[in-house]
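S.K.: What follows is a structure written as structure tokens; I'll ask about it next.
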Amino acid sequence: MNTQPTLYRSIPFFEQTFPEIPADSVDVPNLRYGKFYNKSEGRLDKGMLFKTKEELMEAVQDHSIRHARCEYYATESSKTKWKVLCKHNTEEQWCRWEDLCWQAGSEYQLRKFNRIMEEIKKQDVKAFAYLDQINKEKWTASHDGGWRCGILTTNMSECINGVLKGARRLPVSALVEITLERTVHYFHVRAIKGQKMLQNNQLWTDFTCNMFISWQQKAVEHTITKYNHAQQSASVVTRRQNRNGMNTNVVKIANRECSCGKWNQFGIPCSHAQKVCGAYNISAASMVKDYYDVMAYNNTYSKHFEPVQSEDYWDDPNFQLIHDPTIRTVTRPGRNQTTSIHNEMDWRQTRAKQEVQQQQGDFSIQENVP
């Protein structure tokens, strides 16, 4: 039984007459078994054959350099069998960098952003230098001036993908129908929701109400020190909880800003701002941005769609569609195969994928690994 710690993930491998080395199938879409390694091509495929041990080691080293995320190495488990192993802790480290990068970009407070960047710098100077050279207004919430309103990504295609998720490999006519039907349903549901909020005399949307009330409850635990009555400024100290808390934030009601950055980002008075508003006898509800109003929400989805009649009542088109016969040209024996290009809709999140792999024992050490 092998007692080596679970630090490595074995890449599957097939036995041949020559020592062989496989590459990760993700990097190799077209597998070519039995082909000898060619240094000039710089390509590493599954089932590729090597004449000498030195040639195999050189290929593995070159592959590790070109694929910086993983560190591969070769080991001999028998006279005719070789394995390529990838350090699992390197993959975990890469996920750690991704998490830190996301935390830095989504952090609203400048001091917390700087602290996360210092953590990235300790772990990898090159990663820090790469992020530091990018204009921080383009990717960080702490430097964008509040223009994103708490939205970290501005890709509208991702929003459309979320609405149309599951509409894949359908005819063009079916894609048009499902796009229209889901859009109509999207507006119909929200129009009804807006009418109910108006009937209930609700001031803001549910998201705004929940956030405002949550911060209002936190404001009770803060302590305040007034400074300037003209600017209606004050310093607010949060309550200590375990090892957290006791942070000082500066609020200026006249400028509608708080050093925590949340008021500027979301357009809703944070707990610190609500504490200062109460001290100066100001209604914090009047500081909420107008676009959170129920009327604004209702006006957004007040437009309606007209039902589509039968095709017999459609106007005749003034153009003609010409099919390209070369698309279905038979290039090989048998039935033609069609595949879709994978995008973000097909990719699984890294964390969910790792949990499934750990449950299935994907990272367990093989007994025949020395």
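Cβ from N, Cα, C; glycine included.
Below are the features I grabbed from TrEMBL:
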COMPBIAS  343-354  compositional bias 'Basic and acidic residues'
COMPBIAS  355-370  compositional bias 'Polar residues'
DOMAIN    249-281  domain 'SWIM-type'
REGION    332-370  region 'Disordered'
S.K.: Do any residues, 6 or more residues outside the domain 'SWIM-type' (249-281), come within under 8 Å Cβ-to-Cβ of it, and if so which ones?
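M.R.: Cβ under 8 Å, 6 or more out: 108-110, 141-142, 145-146, 148-150, 208, 211-212, 215-216, 218-219, 222, 224, 226, 229-238, 287-289, 291-292.
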S.K.: Mean pLDDT for the domain 'SWIM-type' (249-281), as a whole number?
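M.R.: Looking only at the domain 'SWIM-type' (249-281), pLDDT averages out to 90.
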S.K.: As a quick check of your reading of DSSP, tell me how many residues in the domain 'SWIM-type' (249-281) are helical, how many are strand and how many are coil.
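M.R.: Going by DSSP assignments, the domain 'SWIM-type' (249-281) contains 14 helix, 6 strand, 13 coil.
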